[in-house]
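The structure appears right after this line, and notes come after that.
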Amino acid sequence: MATDMASAPAVQERSHECANNENESAKDENETVQTGETETLSKRQRKRLLKNQQWEEQRELRKQKRKERKQQRKLERQAQADDGVEWTGKKRLRRSAEPSSLRLVIDCSFDNLMMLKDVKKLHKQIQRCYAENRRTLHPVQFYLTSHGGQLKQIMDEINKGWVNWKDVHVKPEAFHEIMNKDDLVYLTSDSPNVLQELDEAKAYVIGGLVDHNHHKGITFGRAQELGIAHAQLPLGSFVKMNSRKVLAVNHVFEIILAFLEKQDWQEAFFTVLPQRKGAVPVGQENKLGEEDSDEDSDTEPPTSERGTDSKDQSDSKQEEHKPLLNQSDSSERNTA
């Protein structure tokens, strides 16, 4: 009996210890779980969560600000209309454009005659033509024909968005295969015919060639070979230049766009031609002085222009943003 009574407190004590151990174990487990939950969110995640919460809280404020800006623009347009000022926003400008039925074609069949660097320059000129045609008041029907080879490869690599271009017809076929020959007029500076007016029923072809004068007369020969009409722009009738008269593809394209808008050749020429060509109206040639020269030289430009031309000949990123390209970069003798 005494032994049983003595062992009872010991059993109770062991039971109490077991209970305490279980409580401590449960407490440690809860702390581990809580600690684990905290560790699942990194500092970056907590910052992101806080940022998302703030973004959601400010949703209504952003919505209100957008409405206020929209209302402000509306009031500004109304004020301009009351003052007789024409709204020139891009969307309004596109709606007011009057497309021309005239077709402008860039003949890309000279791909195999150019080095890769020259094909890249042609690509930039085509990009400029597309951009100018999109923003002009009288956009033409723009065609790229004989599209393929190096040019297509470069466009696929550098400018994949070209497949989504609007208001341009890109054809792998040659221009004379998809258009009536009676409607075609090849623009070439070697033609004896001088263009006086533009016939909007015609398709005017520009030779897509950057050749540094290695293939003189090739566009004129192509027009004769195909038996189609040819002509040169009336440059000599309105403009005197101290550099050669051969113009880049985008120059010719833009001059025609300018003429459609202004109906004046001289104004069209001087709107587009770069200052480095030293262009002045016919009758004011004395302003050119001793620099008056029409020599077609790629290696020795006039002293006053050497710095500019050598800079223009580089393929730097800056050249991509220049509105007009170097005359020696585009020696397609198809214009002037």
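Every residue gets a Cβ built from N, Cα and C, even glycine.
Remember, predicted model here, so these are calculated numbers, not experimental data.
According to TrEMBL, the feature active site, proton acceptor maps to Asp211. When Cβ atoms from all protein chains are considered, those within 10 Å of Asp211 (active site, proton acceptor) total 20, not counting its own.
Annotation source TrEMBL lists compositional bias 'Basic and acidic residues' at 13-30 (among others).
Helix, strand and coil counts from DSSP across the compositional bias 'Basic residues' (62-72) read 11 helix, 0 strand, 0 coil. Summarising the annotation, TrEMBL assigns compositional bias 'Basic residues' to 62-72.
Taken from TrEMBL, the feature compositional bias 'Basic and acidic residues' applies to 306-323 (among others).
If you look up TrEMBL, you'll see 89-280 marked as domain 'SAM-dependent MTase TRM10-type'.
According to TrEMBL, the feature region 'Disordered' maps to 1-84 (among others).
The region 'Disordered' feature in TrEMBL is assigned to 281-336 (among others).
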